[in-house]
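Asker: Quick one: structure below, then a few questions.
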Amino acid sequence: MAAGTLYTYPENWRAFKALIAAQYSGAQVRVLSAPPHFHFGQTNRTPEFLRKFPAGKVPAFEGDDGFCVFESNAIAYYVSNEELRGSTPEAAAQVVQWVSFADSDIVPPASTWVFPTLGIMHHNKQATENAKEEVRRILGLLDAHLKTRTFLVGERVTLADITVVCTLLWLYKQVLEPSFRQAFPNTNRWFLTCINQPQFRAVLGEVKLCEKMAQFDAKKFAETQPKKDTPRKEKGSREEKQKPQAERKEEKKAAAPAPEEEMDECEQALAAEPKAKDPFAHLPKSTFVLDEFKRKYSNEDTLSVALPYFWEHFDKDGWSLWYSEYRFPEELTQTFMSCNLITGMFQRLDKLRKNAFASVILFGTNNSSSISGVWVFRGQELAFPLSPDWQVDYESYTWRKLDPGSEETQTLVREYFSWEGAFQHVGKAFNQGKIFK
């Protein structure tokens with residue numbers, strides 16, 4: 001029987017597959033998803049983690065015997081038993097069929113439809129309408145298959161049911177209102193049957209089905225839509241092409257979108273930004289090498305090594321420190337959705353990574369939370385106005401320039417960069433943090 005540790009971030013639907021499978025098989029799976037044991041975006045980028053899981057992705061599973069495996073479907077398969085995998089060659093093939101179908105056919109339209117309602121992806125009306133029709137087709141396909149069946153393969157729950165249910169989960173919770181889903185009674189019956197099994201409930205809790213289809217918040221995210229009068233930037237700059245190959249490789253590594261969240265469709269959409277000239281080219285050279293600090297921060301102890309290095313080398317004339325706070329805390333509900341706001345902002349600022357560093361923290365609990373952070377920017381002004389590509393999210397935050405020499409700034413930098421401290425100015429407990437680097 002498998003036993004080990006699952007590394008993930010909170011409320012990761014991909015991790016649910018393995019956790020539900022373990023409930024059926026009896027596999028002993030410990031979950032590390034929050035500080036201090038696992039800092040998503042930090043722990044999974046350390047050399048030790050990457051030696052075990054080269055892709056840096058989560059979920060990732062480390063067995064008590066040292067066996068390591070990543071990719072959610074592979075982990076779910078590993079912690080399953082023979083009944084879940086398919087007890088005959090034919091059944092096993094059908095299980096793989098539905099697992100593959102979930103990834104190839106369900107995930108893309110589900111992401112296109114659901115992600116904008118969660119605030120983690122740009123909204124495109126035509127793409128959303130196409131996604132709705134594709135979801136309708138998929139539900140109809142499932143409905144026909146389940147007309148004479150209780151489960152997708154055989155007479156018992158298998159990995160096929162677990163995988164497809166988890167892939168459909170946010171559709172049912174976020175957008176499949178009664179009028180939309182009523183045309184698929186067999187699919188609904190099967191979905192409800194599965195989520196009410198004790199093994200599913202132990203992981204998912206009580207799943208509340210959507211009552212009213214969630215919509216894209218046009219007022220809040222209108223600025224994410226392309227502006228017709230905004231000219232396209234040039235695809236590259238002479239300075240960029242003339243840089244040494246080693247430096248270009250280092251920048252590419254620093255600027256690459258984090259792969260570990262596995263939200264492929266969302267990441268592809270958010271990363272598809274046009275290349276632009278360097279908005280910081282006009283600034284004089286600085287003695288502070290941000291990449292070197294980032295290496296210290298990633299590979300050394302924050303309090304004893306990285307922070308002393310930061311203050312010893314920080315160039316207050318060439319760089320500036322800023323405190324940010326989300327303007328609309330009353331709109332923050334589920335903590336995982338609040339974290340998605342941070343992740344989405346980081347993805348949209350991908351090209352700013354070479355000239356910025358930040359630690360942004362979610363404080364509090366569901367329906368009582370706040371978001372704030374400390375940022376390091378090249379130059380003395382906020383970087384966002386320098387490029388239209390960076391102006392999507394920053395107006396949703398208040399910004400206050402910090403005095404590098406003040407005791408308040410020293411405390412803020414120490415607490416936010418280390419994720420440790422009293423955070424007395426916040427009034428809520430640390431929940432989780434994300435690093436922009």
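Just so it is clear, glycine is given a Cβ too, placed from its N, Cα and C backbone atoms.
For reference, Swiss-Prot lists these features for the protein:
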- 221-254: compositional bias 'Basic and acidic residues' (COMPBIAS)
- Lys253: SUMO1 cross-link (CROSSLNK)
- Lys285: SUMO2 cross-link (CROSSLNK)
- 2-87: domain 'GST N-terminal' (DOMAIN)
- 88-216: domain 'GST C-terminal' (DOMAIN)
- 276-437: domain 'EF-1-gamma C-terminal' (DOMAIN)
- Ala2: N-acetylalanine (MOD_RES)
- Lys147: N6-acetyllysine (MOD_RES)
- Lys212: N6-acetyllysine (MOD_RES)
- Lys401: N6-acetyllysine (MOD_RES)
- Lys434: N6-malonyllysine (MOD_RES)
- Lys434: N6-acetyllysine (MOD_RES)
- 221-268: region 'Disordered' (REGION)
Asker: Taking 10 A as the limit, how many CB atoms besides its own sit near the CB of Lys434 (N6-malonyllysine)?
Answerer: 22
Asker: If you measure Ala2 (N-acetylalanine) to the residue listed as 'N6-malonyllysine' at Cα, how many Å is it?
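Answerer: Cα of Ala2 (N-acetylalanine) to Cα of the residue listed as 'N6-malonyllysine' measures 31 Å after rounding.
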Asker: In Å, rounded, how far does the Cα of Lys401 (N6-acetyllysine) sit from the Cα of the residue listed as 'SUMO2 cross-link'?
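Answerer: About 21 Å separates the two Cα atoms.
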Asker: Out of the recorded positions Lys147, Lys212, Lys285, give me the one sitting nearest to the residue listed as 'N6-malonyllysine' by CA distance.
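Answerer: Result: the closest of the recorded positions to the residue listed as 'N6-malonyllysine' is Lys285.
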Asker: Taking the Cβ of Lys212 (N6-acetyllysine) as centre, how many other Cβ atoms lie within 10 Å?
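Answerer: Taking all protein chains shown, Lys212 (N6-acetyllysine) has 9 Cβ neighbours within 10 Å.
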Asker: Which site among Lys285, Lys401 has the most other CB atoms no more than 10 Å from its CB, taking these as recorded positions?
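Answerer: Compared across Lys285, Lys401, the most Cβ atoms within 10 Å surround Lys401.
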Asker: Within the chain of Lys147 (N6-acetyllysine), which residues six or more apart in sequence place their C-beta under 8 angstroms from its C-beta?
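Answerer: Set apart from Lys147 (N6-acetyllysine) by at least 6 residues yet with Cβ under 8 Å, we have Asn186.
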Asker: Report the DSSP secondary-structure composition of the domain 'GST C-terminal' (88-216) as helix, strand and coil residue counts.
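Answerer: So the counts come to 92 helix, 0 strand, 37 coil.
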Asker: Could you tell me the mean pLDDT over the domain 'EF-1-gamma C-terminal' (276-437), as a whole number?
Answerer: 90
Asker: Taking the Cβ of Ala2 (N-acetylalanine) as centre, how many other Cβ atoms lie within 10 Å?
Answerer: 22
